[in-house]
Amino acid sequence: MDPLERMHFTTIDYVIFALLLVASMGIGLYYALSGGRQRTTQEFLLADRSMSCLPVSLSLIATFQSAVAIVGVPAEIYTHGTQYWFIGCAYILGLLIPAHVFIPVFYRLHLTSAYQYLELRFSKPVRICGTLTFIFQTVIYMGVCVYTPALALNAVTGFDLWGAVLATGLVCTLYTTLGGLKAVIWTDVFQTIVMFAGQLAVIVVGVQQTGGLAEVWRKVWEGNRISGIDLNPDPTERYTFWTLGVGGVFLMLSLYGVNQAQVQRYLSSKTEREAIMSCYMVFPSLQVALALSCVMGLVMFARYCGEDQFHKIGNLSKNEMVLYFVMDMLQDLPGLSGLFIACVFSAALSTISSAFNSLATVTLEDLIKPHCSSMTEARATLLSKGLACSYGLMCLAMAYLTHLMSDSVLQAAFKIFGMVGGPLLGIFCLGMFFPWANSTGALAGLGSGLVMAFWVGIGSIVTRTSGGPAAVSHFNCTAVQLSENITTAIGTALNSTASKTLFYSLSFMWYSALSSFTVVITGLIVSFLTGPMKEEDVTPGTLYPLLGNMLFFVPDNLKQNLCCATPLGHRVSQQSTWAHHTHSSGLCSLVETTSKSNKTFCNKNKY
């Protein structure tokens, strides 16, 4: 009999789970019926730019800490050990760089969609391509996010899988459509608290039933699940310090630097300082969320590492392991099972609602408004609500494709972020850091980055060698030691295979870095071949003086020739003209230019 078949929900579990859905709907209704009642696009899409740093930071956490992480990370720790925990090192640069590079540029341009930047810096075709790429990435990822909690509910209650998919999507679509971004952010705050409570409950009960902290530590240590820093430079290894600490930085930048769902939260802040502070406040919370997921994986291993216990979980997929563990631990404690399933659904709802809102934003601002300049505010708001609802229904269909995938949900999510989010990160970096890059180079770079990412990603799926050989879970608590001859023979065989399919064996943690560099290098080469952009043709405010700061030892006149810096007092009239133009097109408020503030964003002293 399937071990999941004997799991069940009690009445209290159903009540707790229902309260989550009712509370989320209630927040949406509250913001639909109070305040401005979401009558303008600024209210619906940007919360009227009135949010403080605390709710924004919790919303940023909830958007990233999806059901995929809650279900997927413990399974990774159970299978591969604690090496994955080192991704926490990537959070440092992954949040500092957005706080001090991307947020100031985006916020001072008064954007609504991150992809408006691409039109200001390059051209309208680049903006449209960037928008379509983001829509493609998000719709696919939403399929994973909708499917994961539905699988959880189906596994522990027997509730019809596709009925659960439908319930998840509809509840999320309704409160997102009714309450706008403000409802999304405040439901994220509520759902983040539920997430932490659910994980903590499972850990506490799991440690107690396994025999205490000392027993858990003994079993995971003897089972070889505590990993030191692995400095192996092999890029085909699934998890090493380099794949997580370096490759993870690019993954974090694609999420927290240029992803519309996160950028939209920065732009909803009252001030630029509030936006930066929200980014800082995310760091400790993300570390806590990572620690809870990793500790849950260790407790799960300690519970099932013996031969007498392994049969309970040995035939389950990675996506089912955590669900079985939770129900096994909590089935005799009424209410706690419902709390954890509410935790998984909270993570899913927060991520999905953020995606619906951001998809509606980019579609309206980037694809519709430029062709309907006479559209009234009331009609634009109504259309944005309709778009949010439509994307909600579309993502339900994508859940079916997730059902067909063989990868774990965590690996599938990382592949999506790397294969599509990486090229988007690359095109923003190309525009922000390299003044010579032109529109032709940007389009060529984005195209080549996507081709490279899909070549490697699809190749890894076809050859089934992505991330190198998968680690084998030890059934016993004592690590198995292979003889030197066997180890050498296996290593030779694996090296021979990997040499034939190096790209296809590349760890999925490198996908984002590989595709980003492909975009930048291709974009620069094509830009130089087609005529590099001149500094005076670059829209002020769209460059970050990275090269000027890095080449601090180079004389100023040489840096000016290299287009790395703009001297004070130059291009004042042009900046004033540009500011007036962007104001009239709804992209930016008029920038006052006086003799006391003759500075541009290109100037290295601006920052």
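Glycine residues also receive a Cβ, built from the backbone N, Cα and C atoms like all the rest.
Keep in mind that TrEMBL annotations are predicted by a computer and have not been checked by a curator.
Summarising the annotation, TrEMBL assigns transmembrane segment to 12-33 (among others).
The transmembrane segment annotation in TrEMBL covers 53-73 (among others).
Long-range neighbours of the transmembrane segment (85-107) within the same chain, counting only residues 6 or more positions beyond its ends whose Cβ lies under 8 Å from a Cβ of the stretch, are 77, 114, 117, 227, 229, 239, 241, 244-249, 251-253, 255-258, 262-263, 266-267, 269, 272, 275-276, 279-280, 282-283, 286-287, 290-291, 294, 428, 432, 541-542, 544, 546, 601, 607. Here TrEMBL flags 85-107 (among others) as transmembrane segment.
Residues or ranges marked as transmembrane segment in TrEMBL: 128-149 (among others).
Annotation source TrEMBL lists transmembrane segment at 161-181 (among others).
If you look up TrEMBL, you'll see 193-211 (among others) marked as transmembrane segment. Only residues 6 or more beyond the boundaries of the transmembrane segment (193-211), in the same chain, are considered here, and those with a CB under 8 A from a CB of the stretch are 20, 62, 65, 70, 219, 288-289, 292-293, 295-296, 299-300, 302-303, 325-326, 329-330, 333, 336, 339-344, 346-347.
According to TrEMBL, the transmembrane segment annotation covers 239-258 (among others). With a cut-off of 8 Å between Cβ atoms, the residues of this chain six or more beyond the transmembrane segment (239-258) that come close are 60, 64, 80, 83-84, 86-87, 89-91, 93-95, 97-98, 101-102, 114, 229-233, 279, 282, 414, 417-418, 421-422, 424-425, 428, 507, 509-513, 516.
For the transmembrane segment (279-302), the list of distant contacts is 53-54, 57-58, 60-61, 64-65, 69-70, 73-78, 82, 84-85, 87-88, 91-92, 95, 98-99, 103, 192, 195-196, 199-200, 202-203, 206-207, 210, 215-216, 219-220, 223, 225, 256, 266, 313, 321-322, 325: same-chain residues at least six beyond its ends, Cβ to Cβ under 8 Å. According to TrEMBL, the transmembrane segment annotation covers 279-302 (among others).
Positions annotated as transmembrane segment by TrEMBL: 339-362 (among others).
What TrEMBL records for 382-401 (among others) is transmembrane segment.
For 413-434 (among others), the entry in TrEMBL reads transmembrane segment. Below 8 angstroms of C-beta separation, residues 66, 68, 72, 101-102, 105, 114, 117-118, 121-122, 126, 130, 133-134, 136-137, 140-141, 144, 250-251, 253-255, 257-259, 407, 441-442, 445-446, 449-450, 453-454, 456-457, 466, 508-520, 523-524, 527, 542-544, 546-547 of the same chain, each at least six residues beyond the ends of the transmembrane segment (413-434), sit close to that stretch.
What TrEMBL lists as transmembrane segment is 441-462 (among others).
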Sequence-remote partners of the transmembrane segment (53-73) [C-beta within less than 8 Å, at least six residues beyond its ends]
84, 144-145, 148-149, 152, 184-186, 188-189, 191-192, 195, 199, 255-256, 261-262, 265-266, 268-269, 274-275, 277-279, 281-282, 285-286, 289-290, 293-294, 296-297, 318-319, 322-323, 343-348, 350-351, 354, 408-413
Could you name the stretch, out of 128-149, 161-181, 339-362, with the greatest number of CB pairs under 8 A to the transmembrane segment (441-462)?
128-149
Same chain only, please: residues at least 6 beyond the ends of the transmembrane segment (339-362) with a C-beta under 8 Å from a C-beta of the stretch. Say none if there are none.
9, 13, 16-17, 19-21, 24, 45, 59, 62-71, 112-115, 131, 134-135, 138-139, 141-142, 145-146, 148-149, 152-153, 156-157, 168-169, 171-173, 175-177, 180-181, 184, 187-188, 190-192, 194-195, 197-199, 201-202, 259-261, 264, 326, 330, 384-385, 387-388, 391-392, 395
